[in-house]
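Structure, as structure tokens:
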């Protein structure tokens, strides 16, 4: 029997088959605490703090390729985590949402009516989408490539490490430049620097920040040195500022660690 554990109440919901018609009513997260998983984990924790949002969490065992099983592919043909399944009472059928940036957008548009983590104005929504897409299309692939070749490649490929590292640092320089200029994204004044990527003046913490932060925070694991990061003082402050938020601490913390919470783990060895 598979188990889904509610993040807010820790009650156990039995699940005999992970098929749409028998998912319990509510919002469900299938994740592993990778950078992409952390994005959605952080936002859910933020929404819980503000609105009391509840959801269930299942950890997907990547070692057994559970995310490649037919039942998972029925929800996400790409076979990647995280995956949201929204089976709230207002929905006649479960809604699967794949791709972490799309999941961030879905969550704020569905569960953040007061626009705490997104924007109501057209210009700021456009800027939000620009920075979401910038990181997802330009930043994340470079850092993911560096992560693979620096840490997991079966053979050493120095050129690949050097290439992906150079591009990752270039992307960091883009973020640094943007943070250094409040005028660049919607109405900063004078020499004011930005605290967040989108919004008036110093900006407002939003899913644009969460989307990039989940990856950038892991720079130390990617062969990037302290000396190299010293070239990005505003980016380092941005990392520290976001990392101090209580919901962020929980979203990247032990609550999503399969070694700490093996009861949350969904594996192919558990009967379906």
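Here the Cβ of each residue, glycine as well, is placed from N, Cα and C on the backbone.
Per TrEMBL, the feature domain 'GST N-terminal' maps to 24-115. On the 0 to 100 pLDDT scale, the domain 'GST N-terminal' (24-115) averages 93 in the predicted structure.
Mapped onto DSSP helix, strand and coil, the domain 'GST C-terminal' (121-266) counts 99 helix, 4 strand, 43 coil. According to TrEMBL, the feature domain 'GST C-terminal' maps to 121-266.
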